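Here's the structure, in structure tokens; my notes come after.
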Amino acid sequence: MEKFCNSTFWNSSFLDSPEADLPLCFEQTVLVWIPLGFLWLLAPWQLFHIYRSRTKRSSITKLYLAKQVLVVFLFILAAIELIFVLTEDSGQATVPAIRYTNPILYLGTWLLVVLIQHSRRWCVQKDSWFLSIFWILSIICGTFQFQTLIRTLLKDSNSNLAYSSLFFICYAFQILILILSAFSEKDDSSNDPSSTASFLSSITFSWYDSIVLKGYKHPLTLEDVWDVDEETKTKTLVSRFEVYMTGELQKARRALQRWQQKNSQRNSGTKLHGLNKNESQSQDVLVLEEAKKKKKKSGTTKDYPKSWLVMALFKTFHVILLKSFLLKLVYDILTFLNPQLQKWLISFASDPDSYVWAGYVCAILFFVVALIQSFCLQSYFQLCFVLGTKVRATVMACIYKKALTLSNRTRKQYTVGEIVNLMSVDAQKLMDVTSFIHSLWSTLLQIALSIYFLWIELGPSVLAGVGVMVLLIPVNGILATRNRAIQVKNMKNKDKRLKIMTEILSGIKILKYFAWEPSFKDQVHNLRKKELKNLLTFGQLQSVITFLLYLTPVLVSVTTFSVYVLVDSNNILTAEKAFTSITLFNILRFPMSMLPMFVSSVLQASVSVERIEKYLGGEDLDTSAIRHDCNFDKAVQFSEASFTWDQDMEATIQNVNLDIMPGQLVAVVGTVGSGKSSLMSAMLGEMENIHGHITIKGTVAYVPQQSWIQNGTIKDNILFGAELDKKRYQQVLEACALLPDLEVLPGGDLAEIGEKGINLSGGQKQRISLARATYQNSDIYILDDPLSAVDAHVGKHIFNKVLGPNGLLKGKTRLLVTHSIHFLPQVDEIVVLGNGTVLEKGSYSTLLAKKGLLAKNLKTFIKQTDPEGEATVNEDSEEEDDYGLLPSVEEIPEDMASFTTKRENSLRRTLSHSSRSSSRRLKSLKNSLKTRHVNTLKEGEEVVKGQKLIKKEFIQTGKVKFSIYLKYLGAIGWFSIVFIILAYIMNSAAFVGSNLWLSAWTSDSITFNATHYPASQRDMRLGVYGALGLAQGAFVLIANIWSVYGSAHASNILHRQLLNNILRAPMNFFDTTPIGRIVNRFAGDISTVDDTIPMSLRSWMLCFLGIISVIVMICMATPVFVVIIIPLGIIYVCVQIFYVATSRQLRRLDSVTRSPIYSHFSETVSGLSVIRAFEHQQRFLKHNEIGIDTNQKCVFSWITSNRWLAVRLELIGNLIVFFSALLMVIYRDTLGGDTVGFVLSNALNITQTLNWLVRMTSEIETNVVAVERINEYINVENEAPWVTDKRPPAGWPSKGEIQFSNYQVRYRPELDLVLKGITCDIKSTEKIGVVGRTGAGKSSLTNGLFRILEAAGGQIIIDGVDIASIGLHDLREKLTIIPQDPILFSGTLRMNLDPFNNYSDEEIWEALELAHLKPFVAGLQLGLSHEVAEAGDNLSTGQRQLLCLARALLRKSKILIMDEATAAVDLETDHLIQTTIHNEFSHCTALTIAHRLHTIMDSDKVMVLDNGKIVEYGSPEELLKNSGPFYLMAKEAGIENTNSTAF
């Protein structure tokens, strides 16, 4: 080497001086060849990679030109240098070889760089990561030569001037190129900046700046978030995964078969040998057999292929796993460089003779190591979280795909809720584990390394400290399990409370009618009390855990140091030892506390993996028995077909032989349970084949018995993915009798239908379902009883217009399952089924002539029908009450239990955009059959008033107002808050104190030499250090326990206010707000206030004060630090503000885009047979993929925003470390090693704390939204007060006279009047019947009397008191109603009759006797204490109706209102009710709202309402004489005079 450069290559004396330098030869050889070697080694692989993955060439940009031009300049400079050397060579003495080789090397290198930069034109990412690294290396290595040359020039200005100036120019160009390569070039093919970002931009996540800025300026929307790239699209992921999945599944299935064979052999073996072995053996076998039998019963016997999923996922994503593994490894190793550097710096400060440059190098190394660590860690996190979301997306998509092919047998093992849970909960758990999968080996590595380095420092006494840590792990474990038990208990309480809340909200109308709110309020409050008691216990335990966590580091350092000092008098604590150990203990603390968490989360995930494996490994639908043949002569042929729903049961369809010719209309009839629907399902391939097959010619459309409606507009439901053909669409609407409905529905066919068709009546759903099938132009129509839910006249219309010989479907093959016998004469062929076999088949006339089964049945039927024929089918079976608002199940997930266990926020804002439409009014018979044109909305038209009934949930955007924080803090109590903050501050003070004390202790080692260190001094140091440590823990404990009580108090106050206010809200609030949304306030939001907010606030407080105390300590040591901390603080706050705005909105977008995936999925599962019949699986898959991708892009963006923030914060943390190290070097004369140690060990800890603080701030911001949402409902306007100063006289109403004077009412301010000025007098004890078409305002009359609706004009006077002048409860307690739908609450029978315990048992039994329920109740085991199930599900509808009657009998009020039950009761019960009412309520004024005219023919007066006005009013006899509206209605119902009322 020496000859090669003609100067010294290496001499350590160069470094051993205050002005250290490296030899020029070393700089020109080794330091030049490092970057070049890197480039030349990697270039071939790079070029090959580019060649393999090239895309189309992109256009040339200015940036590219600039880079190329600069490299060409470098090339020219190298050439000039070579020429210089050559010219120089001829003249003087020999020139060293190095002067030739380097320029030649550079010439080749710059050509290579030009080539690589050019080749990147064919890539999406224009900037090569390894070129960037090459420039960085080159510049770093060049720095040394740069400073050497400058020094030489300063000494002797004209030595080698030409060479030096060439080198300087070259160096400048390289820096320029590096700066240029930091900019990203856009690519035409990809608009996702992450894929085109340059290397520097992607490791610092600068490409994300634009979104952060956008999010700061205005709340982000879905359009602002970039789509995921092709690689990450669900479709790509699934197709890659499925390749591995099929392979692994086959392996697993083979293994399973082998295992089963072995087992069966072993079983037969045991049976043989079991006899001659000793008794105990056969005992075991018996026990095993027993267990097996039990297992069989529970239905889990079916073994499934196990442990293939993890393998398949690993194979799919092994590249990402490998990359993240390497990054994590580098990070972990670098972590342990910090304590070594710290040790070096302390010894530097303690030793006054060491050179200053060593300190500077150390400070710079601190910074460099920290930077590399940051970039490694953040890239590692990015890879892992992205991997997690990919795994989640893959699993979700596979679960969805599987659902479309599941066999019925497998499908029966799951409820819809369970399958949705697989998708939401289990996939989420997998995601969480994959994100942290590397932490398993990494924690072990960190623990091992920490202990190794500590051993080097302190020897065996380390084991004492580690022992303390290990001992504390089980203690924490025990506390944590105890805590989990409490949480489980609390879940149960919460479920009970939510159940009651849901019931209260579903039956809120009854509560208002009967003025029962106070009783239910108390029930909820009692449950809530239990809940809060548990919360307090939970909080106290949590505080103890925190206390232990706080004590751990203190205890560990105290025990270790005391053992170290006491073991041997020669052991003296020096600053190096003490502070290096403390830093190592800090590193050790994290993996120690995390390890148990990881293990438990892996265990949880393994359960999820098993569940997903079982589901994905389930058997698929086997449709081999259904053959499709286009050239077949028959439309459908069953040959010897036997099908079953489950292989273990006997066949439902037995040996059916049946030919159906193309174009026939075939009716399938039979008794209930004769297999009509099963026959249809068999054709669709939904059943399991036993033998035989079915041949089908052409495509199939299917109308199921239970109509399946999607959440969307009516138009979407009918088109079902097909193109819109205006003419055909219009015909279908008209034929399916949907036009009158569309007239009424706000927005026509663009009215939005809620989930499961919640805002349509049964008949409307059925007709939309039929319209969907009719619109699809299929060959064969399978119609499973489509006329069951519609009225007789509508049924006739549909049969004629759609199904019959002249309908829209004439010429198609139609299979119609029906119970309507009067359509039979018009069909081509009738198939009579019984017990799954065909009993008779033929045309109507042949079967009648045969006098077979059908003929017999027809006879009996004709005898039964009453004289009025079919016209008595109530006109009302298709209507709900006036505002037709069923309570919405909108935001309630399938089951409350799964709801509460789901991630806190994953369901925070479940779907808020389905809507219910307002009142539906069917027009009279004549109207409904006239054709009308539907006003389909033009795109430009605005939404009709009332089309969106449900107000879109108010999604908060922007910052949470400060007043909300104040509201919460105020609820805790200001005195508590001051006290808590004081305790936390004391804790910080103790922390600073113990650090200063340790620093003083270590300085003893300099004051006293090892020989005479007094024992008393040593014990004092130890004692005080321990005491300060304990003080830290104690203050945290006090603060935490106090804050637990404070926050429980706050929760209590908020819940109480919320409940009180919701119960006082007017009825229209409940009509426009889905129940789910209100329940969500009581579930999600209250639990956030209970658990999450207090925890976040405590953590925030600790983090904040921790950072403050570190900064205070650094400033105490070096006051100059204040100058540095101010600008860093400003940057920190700015980054924080930018980030929080974006992150908050992304979290909202995530939850908003996640819900549709689940709801679409549960919809799909419930409509499987329809989707399969229409063969629309692909369309639904696509829809699901789009949904998942939309959600993915929000999650991706959110993950990236976290990394963006972390990189910037860690930079600030690294700068703090760097500057504190730098100041230690600069002021080393005034500081000792002890101070340096104590500043650095704290500064090193600051980075994580800074990160945490921002996390906590944004966490608090996200969660305080819950307080905001609760507050929104605390401020809902209330109805009139329950009791006012003006009380009605005692015994009011004594007579029961009611006067309406010009009474007007409307439902909501923006709607029209419903009652348009009603005036009439009702005398005492008169019986009034109220009749009118649907929507005439009958129910509004009741609501007006009870002041559910407040008058818009006029008044109602009862016994001389204007009802608007008294309190609501005073009014409602004096009226009685028997409501239309009998609503009961879960609780005892007694509670349902008398929630306030106002009546004695005798009175209740008497009421039950009058209501004909006494024998039933007396027969119950518990009598009056019999538990009623939710909504009264364990009683028949008739019994519920009678209970409502008993309620009314107990009230004994003077005024009775009966909203007649539609079709809930059989004639017998109806008769009983009517008689009881006659006898028992003879002394009352009674208003009956009738839907069947029979019931009111014997009343004193009849009031006929139409369109909100009274049209006729008088006795039934009078009204029947003049042919007015009442007469027409009576005629329609077949009533000619008052006596013909037949019960």
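Glycine is no exception: its Cβ is also placed from the backbone N, Cα and C atoms.
Keep in mind that TrEMBL annotations are predicted by a computer and have not been checked by a curator.
Sequence annotations record features per position, and here TrEMBL assigns transmembrane segment to 30-51 (among others).
For 63-85 (among others), the entry in TrEMBL reads transmembrane segment. Long-range neighbours of the transmembrane segment (63-85) within the same chain, counting only residues 6 or more positions beyond its ends whose Cβ lies under 8 Å from a Cβ of the stretch, are 95, 99-100, 102-104, 106-107, 110-111, 113-114, 117-118, 121, 126, 162-163, 166, 169-170, 173-174, 176-177, 180-181, 183, 185.
Look at TrEMBL and you will find 97-116 (among others) tagged as transmembrane segment.
Look at TrEMBL and you will find 128-150 (among others) tagged as transmembrane segment.
Summarising the annotation, TrEMBL assigns transmembrane segment to 162-183 (among others).
According to TrEMBL, the feature transmembrane segment maps to 312-334 (among others).
Summarising the annotation, TrEMBL assigns domain 'ABC transmembrane type-1' to 324-604 (among others).
As annotated by TrEMBL, transmembrane segment applies to 433-455 (among others).
Positions annotated as transmembrane segment by TrEMBL: 544-567 (among others).
The domain 'ABC transporter' annotation in TrEMBL covers 636-860 (among others).
TrEMBL lists 900-925 with the feature region 'Disordered'.
TrEMBL lists 908-917 with the feature compositional bias 'Low complexity'.
Summarising the annotation, TrEMBL assigns transmembrane segment to 965-986 (among others).
What TrEMBL lists as domain 'ABC transmembrane type-1' is 978-1262 (among others).
Taken from TrEMBL, the feature transmembrane segment applies to 1022-1045 (among others).
For 1097-1114 (among others), the entry in TrEMBL reads transmembrane segment.
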Cβ pairs under 8 Å between the transmembrane segment (965-986) and the transmembrane segment (312-334), at least three: no
Sequence-remote partners of the transmembrane segment (1097-1114) [C-beta within less than 8 Å, at least six residues beyond its ends]: 546, 980-981, 984-985, 987-989, 991-992, 995-996, 1036, 1039-1040, 1043, 1047, 1121, 1125, 1216, 1220, 1238-1239, 1242-1243, 1245-1246, 1249-1250, 1252-1253, 1256-1257, 1260
Intrachain neighbours beyond the transmembrane segment (128-150), with Cβ under 8 angstroms and 6 or more residues off its ends: 21-22, 24, 27-28, 31-32, 34-35, 38-39, 42, 46, 113, 116-117, 120, 160, 164, 167-168, 171, 174-175, 177-178, 181, 198-200
Same-chain residue ranges lying at least 6 outside the transmembrane segment (1205-1227) that approach it to Cβ under 8 Å: 203-205, 345, 348-349, 356, 359-360, 362-364, 366-367, 370-371, 374-375, 377-378, 381, 1114, 1118, 1120-1121, 1124-1125, 1128, 1131-1132, 1135-1136, 1139, 1143, 1235-1236, 1239-1240, 1243-1244, 1246-1248, 1250-1251, 1254
Confidence summary for the domain 'ABC transporter' (1298-1532), mean pLDDT rounded: 83
